[in-house]
Amino acid sequence: MDLSSIGIEYGSYLLVGAIFLLLLTGQPLAWVTGCVALVFTFGWFGPMALPLVTSRIFGFITEYSLVAIPMFILMAALLDRSGIAKSLFNGMRILAGRLPGGVAVQTLIVAILMAAMSGVIGGEIVLLGILALPQMLRLGYDRSLSIGVVCAGGSLGTMMPPSIVLIIYGLVANTSIADLFIAAITPALLLLGFYVAYVLFLCWRNPQLGPPMSREEMAQESVASALRALAAPLFIVFVVLGSIYGGIASITEAAAMGVSAVLIISLLRRELTLKMVQDSLVHTLETCGMIIWIGIAAAVLVGVYNLMGGNRFVAQAILGIDAAPVFIIMVMMLILLVLGMFLDWIGIALLTLPIFVPIVVQLGYDPIWFGILFAVNMQVSYLTPPFGPAAFYLKSVAPKEITLKHIYVALLPFIALQLVVLATILFFPPIATWLI
Amino acid sequence: MADQSDIIDTAGQDEAEIRTGLDSAIAGSTKVLAWAIFAAFLITVIEVFARYVFNSPTFWAHETTSFLIAGVFLIGGPVALARDKHIRVRMFYDSVSPRRRRMLDIFNSLVALMFFAGLAFASWIMVSKSWFNPSGALHLEGTGTSWNPPTPALLKLLVLICVVVMFVQTVFHLIAAIRRETPDTSATEKGH
Amino acid sequence: ADYDWTFQTSETAGEPGFENKQKWADEVGLLSGGRIEIEILPIGAVVPHTDTLEAVGAGILQGHLTDPSYFSGKDPAFAMMGNLVGAWSDPFEFLGFMESGGGNELYAELVAPYGVQFIGAAATEPEAFVSRVPIRTVEDLKGVKLRAPEGMVYEIFSKAGAAPVSLPGSEIFSALDKGVVDAADNTVFATNQSLGMNDIAHYPLYPGFHSLPMIDISINKGVWDSLPEDLQEILTVSVKQFSFNHIYSVRQLDAAAVEKAKENPEIEIINWSGDERAKFRRIAQQEWQNWAPKTEMTQRYYDAVTAYLEGRNLL
Ligand code: NA
Ligand code: NA
């Protein structure tokens, strides 16, 4: 049977429907996406097209920027096993003092620092997940709140320069990467501000969600002891940020510099053992396997969908709109949000940007502004089910009793906040462009 | 400091998830294979030092780390499968009776077998093209640099190996699911 | 249309080359009276850029418009033919060699075993060089950390005394910005300027001297053989037309970008003298000699190029 006879429109619906249906069976997500892509390749183009699938597998795994992911996971695993993570959060708790939700706010600040250390997401969320989630739970923080803070905070790396999303956008749109980086800073801080405000508001209403220290505990701790606890983590942050901003290492290499800083610190703290390194490496290998194969499958899906003419289908949908320019931009946002439910951002960029950017320019809009909208949108895509990379990254390191459902439910308010920021930038472009 | 490590350990090192002998062999092999990550880390640090301190960047670090990490990503597939750590949507799966779950396991194994078989076929074509030139002579595809290590040919072979391993793992999972005894369904239905 | 094809290119959708390739596809549609419809897809849309040769051969894609250097791992002849570093400072010299020096025949012979029919070659303007430090002579390259794609370029800069660094394309901007590298091989001046490269690295070298990649326009052999003669001719002629259009459009964009760059007083555009270019070409030539004996094809290509350049008094 020739699947291509149904045409691209019904082909698209069938593809999405098949993924949804197979997901319900409890089949690993990577196999679901990959299998649907494989069946469509075979059914649409015949057996001679199947090498497309393995070609994309090879292309995905050899993507150099992904080298940072195992380095970040290794850093996180070592931090956790060495006890540096625990002292970091003990120190943060003391600094937060009597402020309900204080540790969550500080976690968000750690997240924005990490966003400035890395261009790829994944690493950051795993790092925060290993580092912050167990610690926040240990300190009695609400589970949903902790999950949301980790995932939303960890996703900030797409916005905060250096950002691979913006670099790829710049290359595709042929527009200044420097300007994109500058334009991204305010929206990234706006997102951070929204997250912080949300956490503080919730914990002010109900302090049990982010329990502060009691007066007795406060009496035992001093700022000095907090600073002592924070010294080691601060040194690591300094090494990573210093090697990037000092021109010593590339963004990808900086993650490895961070690993060496963790090893040195744990050696000084006399916590370094061969077993600890071994366990951390094994943990990294497993986590990489589960994360990367989801990405591999999505990459395959995008390849076959492009070959099927999916990009033309999307283009015609847009060009068919006869309405005010701003409405067309809103439709594009909607398409990005829907695609964000199923694909990772690289796939979405490959699929939509070649179509969208020329239209945006033709309509007289600033491509830099659209790039920022795109980046915020990709942040949303990290959190939205059923394909929410942030949720997967967190699931890969979270305690077993936390299910994917718990994570997605916890993420809903944060998705809402992201959408508010998206709309704000959409209707008030200067928020992005005022610094350029 | 035991508490937070315990949380990670139960998430990461849970041996209970291992279903077959092959799975435990694969899980055990990670103790050696995972050191590839450490090698990639060391090489990256060496490159940064060579470049920044001695102003003499290496010609080999970039290609070597890419190769090691790509290999780690691939091997991660069978490893995560061995430990049943691949992400699944469990909402529906967890809510059905053990008997239905067994049927789902059998169905899923069959779908996965079809998937891996298709991948193996495609990888076979890819491997033959990267190991032999069009005239049929043995020629390992390289990276195309002056150094030209044959890493693309090796990685493409590793794709095939990993896919075949996952196929075999899934065959064992299928057998296990078929043989698995499920408790009387009336007992589970009482719980609802 | 009678023929609906998908061709993948080696550019992102925003690069000038992509738009020019789309225009070529439109023109083929017009010339063929609508019998051929070609969809042009950007880099990586269906298969990774290194795999288009195999994908075209297998019929997954019907054709590609790409830089042959990406297939160097399959055969070193692709590296030499795709971008013989330092050989050409004008695309018309290169195209002259392809047309009358034997280049076309050799390249067609190289790709034929892959099930691919070579339609014709195009070229772009020489690529510019991005730099944070002024590099006015070959001598100035000493110790400069510069990003170069691994391969012939890497070795030649190494021989010239520079410290070449391997970095993927997505890392170039940040690495230059923070000073991890001092200079970078990127693409044509116009694109470097729009990406903001010249705003963070103030000493671009233009016109370029080191890199002038070929654009290979090829089609699946079976598809080609099934075409009537008039459509084959339309494809062949339209590729030549594309080649002219592309060179002139990039030339114009480069000129406009140079004007734009001059508005920024911090940017100094450095133009190497003929002597320095010759010095660099002599270093490059040593490396060509290293590559020549690798296969029978690389040797034949080396002989053909040197004969052509000597005949034109360019060596
Ligand atoms: Na970032
Ligand atoms: Na999503």
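The first residue you see is number 1, and the count goes up from there.
Every residue, even glycine, has its Cβ placed from backbone N, Cα and C.
Straight from TrEMBL, the features:
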TRANSMEM  B:32-54  transmembrane segment
DOMAIN    B:41-174  domain 'Tripartite ATP-independent periplasmic transporters DctQ component'
TRANSMEM  B:60-82  transmembrane segment
TRANSMEM  B:103-127  transmembrane segment
TRANSMEM  B:153-176  transmembrane segment
Who are the chain neighbours of the transmembrane segment (B:32-54) in space, where the CB to CB distance is under 8 Å and they lie at least 6 residues beyond its ends? 61-62, 64-65, 68-69, 71-72, 75, 79
Taking 3+ C-beta pairs under 8 angstroms (sequence gap of 6 or more) as contact, is the transmembrane segment (B:103-127) in contact with the transmembrane segment (B:153-176)? yes
Intrachain neighbours beyond the transmembrane segment (B:60-82), with Cβ under 8 angstroms and 6 or more residues off its ends: 18, 22-24, 26-27, 30, 33-34, 36-37, 39-40, 43-44, 46-47, 50, 143, 145, 147, 149, 151, 154-155, 158-159, 162, 165-166, 169-170
DSSP says what for the domain 'Tripartite ATP-independent periplasmic transporters DctQ component' (B:41-174): how many helix, strand, coil residues? 97 helix, 3 strand, 34 coil
Mean pLDDT for the domain 'Tripartite ATP-independent periplasmic transporters DctQ component' (B:41-174), as a whole number? 94
